[in-house]
Structure formats: C-alpha cells, structure tokens
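Undergrad: One structure follows; several queries about it will come next.
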Amino acid sequence: MSSAVVIPAAGLGLRLGGETPKAFREVGGDSLLVHAVRGLRAASAADLVCFVVAVPPGSEETVGKELAPYVGAARLLVVAGGAERPASVRAALDVVPVDGIDCILVHDAARAFVPAEVIERVVATVRAGADAVVPVVPVTDTIKVIGPGGAVVDTPDRSTLVAVQTPQGFAPEVLRRAHAAGADAAVTDDAMMCERLGVVVQTVEGSQDAFKVTRPQDLLLAEALLARRSKEQLSARSDKQPGELDGRPGESRGEGQVG
Ligand SMILES: Nc1ccn([C@@H]2O[C@H](COP(=O)(O)OP(=O)(O)OP(=O)(O)O)[C@@H](O)[C@H]2O)c(=O)n1
Ligand SMILES: C[C@](O)(CO)[C@H](O)COP(=O)(O)O
C-alpha cells in the first residue's frame with residue numbers, strides 16, 4: 001500500500017507580511033513549498049505516490065511546472081485552494097485517488113522543514129491501525145485561559161498540553177468523513193474535525209524543526225536551520241569514503257507528472 005499527501009499552500013501569510021503568498025516565499029534560494037515537497041520525498045518509508053497541492057487560485061500551472069522536478073515518479077496534482085485552510089484541504093482531498101492509498105497525510109507548506117523521521121512515524125502509526133495521528137511537541141510557555149475582558153480564568157496543567165504540528169495522518173475513509181461533515185470558523189486542523197466525529201486521535205513525537213513559518217522572525221529561524229543542516233551534511237560527507245556519497249533526495253528531474 002502507498003500514501004498520498006495533501007499540501008495546503010494557498011494561504012496569504014498575513015502574519016508574515018509582504019506581497020508574496022507565504023508558500024512562495026524563499027529561504028536559502030527555494031520556496032517554502034519546494035522545501036516542504038523535498039522533505040516529504042525524503043521520507044522514503046512513507047511510500048508517497050501522490051502529492052496534491054492547494055495553491056492560490058490562478059497559480060496552479062506555474063506551481064505544477066515548478067514542483068514537477070521534485071516529486072520523482074509520484075503523481076502531482078495542483079488545485080485552487082479556498083478562502084480558509086479547511087476549504088483548501090477539502091479541494092485537494094477531493095482529487096486524491098481512492099485506490100491503493102492506505103494513509104493520507106495533510107501537511108502545511110508552512111511547516112517546510114519537518115524531518116523525515118516525523119513523517120515516517122505518522123505514517124507507520126496510521127498503518128498500525130490508528131484512524132488519525134498528529135505529531136506533537138511539549139509547550140514551553142505557561143498557558144492561561146482568559147475570559148471576555150482579558151482576565152485570566154484558568155491556568156491548565158502544562159503537563160497535559162502539547163503543541164500540534166503537521167503532517168497529520170489519517171485513514172482515508174476517516175479524513176473523507178470528517179471533511180464531508182464540514183468545518184466552521186473554529187476549526188484550525190484536520191484532527192479537530194475528526195475529534196468532532198468521536199474519532200480517537202493518536203499523538204506521536206514531533207520535532208522543533210517542524211515549526212510553522214508564521215511571523216517574520218520565523219524566516220530567520222528557517223535560515224539558521226538550513227545553515228545547520230548544510231553544515232551537518234558537509235561533515236557527514238567528509239566522514240564518508242568517496243564511493244559512499246549519496247545523491248540529494250527528490251531531485252530526479254523530469255519524472256513527475258502534472259494533472
Ligand atoms: N486559505 C488557506 C489558508 C491557509 N492555507 C495553508 O495552511 C497552512 C497553515 O496556515 P497558516 O500558517 O496560518 O498560513 P496563512 O493562512 O497563509 O497565514 P496567515 O494566517 O498569517 O495569513 C499554510 O501552509 C497555508 O498556505 C491554505 O492552504 N489555504
Ligand atoms: C494545522 C496546524 O499547523 C497545526 O498546528 C495549525 O493549526 C494551523 O494553524 P493556523 O491557524 O492556520 O496558523
């Protein structure tokens with residue numbers, strides 16, 4: 001069996017600012033969307049055979065051409081996103097093939113640097129029988145619940161709180177059922193839509209590297225992360241014999257199909 005990934009990439013990035021939609025903003029010479037696709041391809045155990053990307057309406061063709069070299073032999077479909085994230089996921093989900101897919105991932109283009117092991121952990125947990133799986137990290141701030149006037153009404157026990165990342169993984173029938181039930185303005189992730197149906201959502205360990213590029217300082221963090229990774233790659237290469245050197249994952253140009 002194989003998996004498919006839905007990538008919501010149609011957001012404007014209002015909190016980031018700037019003229020360009022967030023998924024097309026560049027870090028280290030590549031767009032966040034290209035980084036995200038490349039990261040997914042690096043997760044070989046996920047067996048991703050189909051990438052469906054939801055983009056700002058009007059940019060489908062350009063994005064299809066840009067991403068084709070990065071998806072390898074997998075199928076690439078690019079659709080127009082909606083006004084809110086759930087609508088973008090829904091538009092993409094509608095064209096995910098039904099046959100032969102045992103896991104559907106939903107992954108924010110804005111979480112462009114998620115490590116392969118997190119992706120593989122999510123897929124393995126779905127394949128082990130979970131209906132819905134989310135990667136999580138501990139929260140490091142004290143979280144308060146506030147009332148309408150801004151006054152604190154509660155301080156939840158931090159040991160029970162986690163911050164949720166993507167990719168989130170789902171049994172295909174469960175994700176389709178959740179989206180068929182619809183979303184309102186309170187919905188911020190796909191797992192929440194499943195929770196509303198009474199589906200048990202499992203958690204797995206996420207990664208600090210899977211942070212969401214949201215505000216301008218996150219671009220600085222992204223640059224620093226890329227610098228750290230290229231330093232690590234260089235030192236790993238210098239430890240290898242010449243015959244052991246690998247090619248870069250996911251860059252076999254010209255294999256992808258669009259449409
Ligand atoms: N209508 C939307 C809104 C968001 N997204 C995607 O959902 C992911 C998470 O959303 P967020 O980081 O909140 O992105 P934006 O909505 O672009 O950010 P902002 O709220 O600052 O405008 C991003 O990859 C974004 O492109 C989407 O596909 N369609
Ligand atoms: C899906 C998500 O990335 C999980 O943390 C997050 O909920 C998206 O939130 P946003 O409201 O679109 O920033």
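Cβ coordinates are placed from backbone N, Cα and C, and glycine is handled just like the others.
Features from TrEMBL:
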SITE      ARG15  site 'Transition state stabilizer'
SITE      LYS22  site 'Transition state stabilizer'
SITE      ARG158  site 'Positions MEP for the nucleophilic attack'
SITE      LYS212  site 'Positions MEP for the nucleophilic attack'
REGION    231-259  region 'Disordered'
Undergrad: Of all the recorded sites given, ARG15, LYS22, ARG158, which residue's CB has the most CB neighbours within 10 A?
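TA: For the recorded sites ARG15, LYS22, ARG158, the Cβ with the most other Cβ atoms within 10 Å is LYS22.
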Undergrad: So if I take the recorded sites (ARG15, LYS22, ARG158) and measure from each Cβ to the nearest atom of ligand 2, which come out below 6 Å?
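TA: Among the recorded sites listed, not one has its Cβ under 6 Å from ligand 2.
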Undergrad: Measure from the Cβ of LYS212 (site 'Positions MEP for the nucleophilic attack') and count the other Cβ atoms within 10 Å, all protein chains considered.
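TA: Excluding its own Cβ, LYS212 (site 'Positions MEP for the nucleophilic attack') sees 15 Cβ atoms within 10 Å.
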Undergrad: Report, in whole Å, the straight Cα-to-Cα distance of ARG15 (site 'Transition state stabilizer') from ARG158 (site 'Positions MEP for the nucleophilic attack').
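TA: ARG15 (site 'Transition state stabilizer') has its Cα 26 Å from the Cα of ARG158 (site 'Positions MEP for the nucleophilic attack').
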Undergrad: Checking the recorded sites ARG15, ARG158, LYS212: which ones have Cβ within under 6 Å of ligand 1?
TA: ARG15, LYS212
Undergrad: Going by DSSP, is ARG158 (site 'Positions MEP for the nucleophilic attack') part of a helix, a strand, or coil?
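TA: Its secondary structure by DSSP: helix.
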Undergrad: Could you give the Cα-Cα distance between LYS22 (site 'Transition state stabilizer') and ARG15 (site 'Transition state stabilizer'), in whole Å?
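TA: The separation of the Cα atoms works out to 9 Å.
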